Amino acid sequence: MMVLLPSLALALLCLLPAGAEVPVQPDFNTEKFAGMWHVAAIASNCSVFLKMKDGMKSSITIVSFMPEGDLALKLIWPLADKCQKFELLFQRSGQAGHYVAAQEMRDLRVMETDYSGYAIVQEFKRRGEEPHSALQLLTREQDASPQLLQKFKELVPTVGLTQDMVAILPKSGECQEGAGWHARPPLCGDT
């Protein structure tokens, strides 16, 4: 099971069916959004995520923006004996808060954020036979309040997911050292 754990990063990268309208944070501000976030909860229909969700721990996402407006993510996943790190790049779309990775047929939208405490992010993947979706609750602190977790759970069905697809991630130690960076984690639907 631990061999598959790095694959669970793919759960962060799974997508909803094409055509579903997902709201984006009005007046999205990249400067305020940049920085370190903790992944406090995830909901996904990705089969790999669903098999592994009960053993997952909170991970770290470091968000930065390139001069041309593209979004760079560094994901740091705690494993039993090391930290697995991945780096992803999304190109900006025509709407602030909406980013795409065309070659991997992925779509990322910042649905809602207060910038200083939480963000709710939706990722879609259209590659393969089944489109996949993942909803994430990001927090600046490792703990998520009961109110934020409730808000997250209430949004789950609005994006086509169900409560049995939700994982509330327990705290983990801070991963700072570990494996080298990879271009991207394996994705749902990859073979």
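All positions are counted from 1 along the displayed chain.
Note: Cβ is positioned from N, Cα and C throughout, glycine not excepted.
Bear in mind that the values here come from a model prediction, so they are computed numbers and not experimental data.
The signal peptide annotation in TrEMBL covers 1-20.
Annotation source TrEMBL lists domain 'Lipocalin/cytosolic fatty-acid binding' at 34-171.
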Confidence summary (mean pLDDT) of the domain 'Lipocalin/cytosolic fatty-acid binding' (34-171):
90
The domain 'Lipocalin/cytosolic fatty-acid binding' (34-171): DSSP-derived helix, strand, coil residue counts:
29 helix, 66 strand, 43 coil
